[in-house]
Each structure stands twice: as C-alpha cells, then as structure tokens.
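A short write-up of the structure that comes next.
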Amino acid sequence: MAMDEYLWMVILGFIIAFILAFSVGANDVANSFGTAVGSGVVTLRQACILASIFETTGSVLLGAKVGETIRKGIIDVNLYNNTVETLMAGEVSAMVGSAVWQLIASFLRFPISGTHCIVGATIGFSLVAIGTQGVQWMELVKIVASWFISPLLSGFMSGVLFVLIRMFILKKEDPVPNGLRALPVFYAATIAINVFSIMYTGAPVMGLVLPMWAIALISFGVALLFALFVWLFVCPWMRRKITGKLQKECALSRASDESLNKIQEVESPVFKELPGAKAHDDSTVPLTGSAADPSGTSESMSGGHHPRAPYGRALSMTHGTTKSPVSNGTFGFDGTARADGHVYHTVHKDSGLYKDLLHRIRDERPADGAPRQLRRNNSYTCYTAAICGLPGLATRRGDTPAPEDSEKLVADAVAYSRRRLRYDSYSSYCNAVAEAEIEAEEGGVEVRLAPPLAEPEPPRDDPADEEKEEKDSPEVHLLFHFLQVLTACFGSFAHGGNDVSNAIGPLVALWLIYEQGAVLQEAATPVWLLFYGGVGICTGLWVWGRRVIQTMGKDLTPITPSSGFTIELASAFTVVIASNIGLPVSTTHCKVGSVVAVGWIRSRKAVDWRLFRNIFVAWFVTVPVAGLFSAAIMALLIHGILPFV
C-alpha cells in the first residue's frame, strides 16, 4: 500500500510529538525532582542537569514496554485495517489534544497526569472515528483502577517507610549512629530496584535474554557490593563530615560568645548597677539596685543571689523605687505604679538581646539631643526599654507632696515614663539612669531588693506543638542529602521509562504504520524514537519545568531531606513495578500520594488540602478535556482535510 501521500501527516506528527514531549517535561518532570528542589538538596539548575541524563536513559531502556500498551492496549487497532489513514489521523489528533491540555495546565501550574491526557485523547479520536466499538473498555477499567491504586499504594509505602525512619532515626537523641547504620540498607535497596528494572525490561534492548532468577541474582549482587562500598567508605566519610561541621559550629559559637564577653559593661549604662544594690547573680543583670516591698522594709538575700524561679528563669531584676505617700504604694523608675509597689523584670547576660544591645550601644552611639523613635525602627534599645522599664521622675525625701497631690504625682510619673518610652533614645534612656544614680548618691532613693514572686506555673504542653511540622536537624540533613539525590535520580529514571510513552507512543504507531503500511505494528519500538522523546522531555523541563516544580516541591507540603527520601523511593518503586508489568500508572498520582501521606504523618496541618483537592479534581477533568480536544481535531481531519488530499 502506497503511503507516500500521507508523508505530510508523519512530518506533522513528529513536530506535534516534540511539542507533546515538551509539555510532558514541563509538567510531569516535577514529579521527579520537585521534592528534591523543595527540600533544598539540589538547585533548580542541578535538577535540570540530572533529570536530563536520567529521563533520557530511562526513556531508552524502559520506554518500549509501556509504549506497546499505549499503542495497542486502549483501542482495537484491527478495526482500522481498511482505513489506515484514519488511524494515522487519530494518532495525530491524540497528540494534539494531549499537548494542548498539558501546556494549558503547565501555564496554570496544575500538576496533571500525562498518562491521563494520552488515554483520554486516544479514546476521544476513536469515538469520533468508529464510535464506542473501538474502545477496549476492560483495559480502560484496569487503567482507571490503577489511577486510584497507584497513589494509595505509593502513599502507604511512603508512610510506612517514613514511620520507621522517624522511629529509629529522627526521634533518637543522637540520630547519627542509627542513620549511618541504615545508609547501606537504603542505598542497597535503591540500587537493587533500579538494576532489576533495567535488567528485566532493558535486557532485550541490549540483546540479553536472561531468566528471572539470574536477573534477581545479579540485582542482589550489585546491591550487596554497593552496600559494602557505602559501609566502608561513604559512612566513615559522612561521620567525619558531620563531626567536622558540628565542631565548626561549636567553635564559631564559642568565638562569638568570647568576643561578646570582652565588651565591658561600663560601656552600657543601661545595665549599670546603681549604688546600694546588693550583689547579684552572674546570670541576672540589674537595671537598678532594688525595689521596695509593700511593708516598706528591706529584704536582702544571703549570699548575694537573687531568688530564681524553676526552669531557669530569674524571678526579678532589682529595681530602684522612690517612696510615695499614697497608701503604701511606690512607683518604680519606669513610672508604672503597682498595687503592691513592686515591678519585676528579667534580663539575662547570656541572652541574645543583651549581647546585641551591647553591640548596638558600642557601635551606634547617637548624638546627644537627637532622640529617635526607636519603637518604629524595632531597635534593641527600644525592646530593652520595654522590658526593663524607663526611669521616671524621682522625688527627694524632703520634697514630700501634699496628700491631694500624691495621685497627680504618680500619674505625672507614669505619663512621663510613657512619653519617654515612645520617644526613647539611647541618650535619654541613659540620662534617666544617671539622674537616678545621682539621687541614690545623695540619699534620695532607697535601694531595696524586690521580694520573690510566687512560683510560676510549670510550662504546659501546647497541643498545637503536636501539629507543628518536624524539621530535620543538621546531622539528619547531611545523612539524607545524598540519599534523596540518588532516589530523585531513580525517580527520574522511572519517570522517563513510563512517561516517554505518553509522548512517543502515538508517534511510534504513526511511524510504524507509515513504514509497514499496516495497522498491526509488529516491529519493536525504535530506540531512536524513544531518544527523540527523551530530548523533548528535557527541553520542556529546562524551559518551563520550574512552574510545576514549585507546586509539587513547596506548595503542597513542606519537604525535608528525610521525608523527601521516603517520598522518592516509595513512589519510584511503585512506578518501576508498574512499568515492568506494562501498566501505565501515573507518576503524578504516585508522587502526590506519597507527598500527602508523608506530609500528613509529619503534621496534620502541613498539607495544603485545598491544593490537593484541586489536583484531585484535575485528575478527573483531564481525561474528558483531553478527549474533547482530540475529538475536535479528529473531526477536522477526517471531515475537512483527508477527503481533499
């Protein structure tokens, strides 16, 4: 049968197939490296380089198996024996319908299934060409069932693996020993699955015919050798790297503390102890010397230590006060009157606030007379003023106001303090402390220690803490860093083997029909066509892949190296097994199922359920939408173009 008159259809098919492969790379490739980019173990550029290598390799070695299902398993091609040109037009229509919808979805950042697209598009053109009789419905039912089985199976496997990792590694006080012991097992499992997949599916391509037991033995042997290599070389290197990083962090922290301790307290009048203050604990910095108790008596502490509350918090700072004749009440330097006459504060020398404030006082001394609104610029001086209080208007012993003026005096002091707090600057704050110091030297201020407060309640467990997402420690991050890269490459390899058929399956059918002049397509899938599809997928990844990577790697749920490893390994294992038995499962479904399962286990609130709902709806919308586009193109070809060719 002369097929030269349909050469234009083959050329058009090659162009559309590349566009389809481009759309597959722009959308579905996020399933492979989206979690790796989201967890930060690889950059987007590194992900594109690795994916280009493994997507192409997987498409060549594993793509032929699934390509046969796409070409022959969805429709009965024997019904087109007498109308070969109709089947060729149908393959072109299927590619157009699938490509258009995937490009639209990629633009909208919707992660959809390329398998859904091509299956729906194939059914769409068949319904237009010969009606429902051309569709093998039982095969379609199996495919639809796999769409639900794959996310559930992948999610279950990811969940179980993550629970085990969390139980034996992440929850340990020191996760490094168990993590290093598990590394050879993790690497061996990943390598074994990968080698078995290549040998089982790719052996015919390489001209090898091996029994199942031989393939299993080879896979086990390679995995064992790789595990031995990891145990002898990778684990010691990883242990040294983790130890070195921890030691470096400790050294930097120690050096920072030592440099801060060299700053003399005299440079910080804010923390200058007033005359008459009792000796104080090293961990508590008094703003002033004392506070008056309600009875007007002084309380001193033996040994020069402040009372301390449980759980490491100081009960109070010493605080200077001036007596007021208002019914046994006093007001502190911050001008805040309390019923019991006491104001309690806490400032620790080892706190970051104290150290940062010392730096700011030393390096950023403002000019006198130029106060600034520190509250507006979030300076540490303002924060400390809010914590420690501002010295108010102290009164001398001889300047006792009349009883009717007492309340006004307290109110004026409070207003003055608030006004100073609002427009506080370093100079005004320190001047107020200096004024109080002069008053103390002249005997105008009584210096007393604040009596202890009632013991605070022990910290309660916040139920919301259980809902917070877990984060990997630096050691765990290093342990799973390379593992996630390896499993991401493994997932990319599996993705190339499974999803290249979505782009190249119709093109292979079109090429074989043109070459053989028959619809049976007896020849094997040409390797160069699989490579052509892999190149198209990589191009789509580089140009447009980052759009859906954002959705899969960050928007759906936060990813860490440990959770990303479990997601990659379990979902890739599911995809490879499905590819080896010829079942075109959706890598999107497998990855989304794993991401949601692990995210839900890590934290009930970590999953964006609204986004997951949209993705789930898109799974059902994709088939009819792609079928509708394909049916429209098919109707145009068989009724508007082919009759005139």
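Cβ coordinates are placed from backbone N, Cα and C, and glycine is handled just like the others.
Relative to the membrane, Swiss-Prot puts Met138 on the same side as Gly505. Swiss-Prot assigns the feature transmembrane segment to one of the listed ranges (143-163, 374-394), namely 143-163. Of the residues Asn81, Asn328, Swiss-Prot records the annotation N-linked glycosylation site for Asn81. Separating the Cα atoms of Asn81 (N-linked glycosylation site) and Ser253 (phosphoserine) is a whole-number distance of 77 Å. Only pairs six or more apart in sequence are counted, and the transmembrane segment (143-163) with the transmembrane segment (476-496) gives fewer than three Cβ pairs under 8 Å, not enough to call it a contact. Note: the stretches the transmembrane segment (476-496) and the transmembrane segment (615-635) are not in contact (fewer than 3 CB pairs below 8 A, sequence gap of 6 or more).
Of the candidate ranges 47-67, 214-234, 587-602, 615-635, 615-635 contributes the most Cβ pairs within a distance under 8 Å of the transmembrane segment (110-130).
Between the transmembrane segment (524-544) and the transmembrane segment (615-635) there are fewer than 3 Cβ pairs closer than 8 Å, counting only pairs 6 or more residues apart in sequence, which means the two stretches are not in contact. Neighbour count (other Cβ atoms within 10 Å of the Cβ, all protein chains): 10 for Ser253 (phosphoserine).
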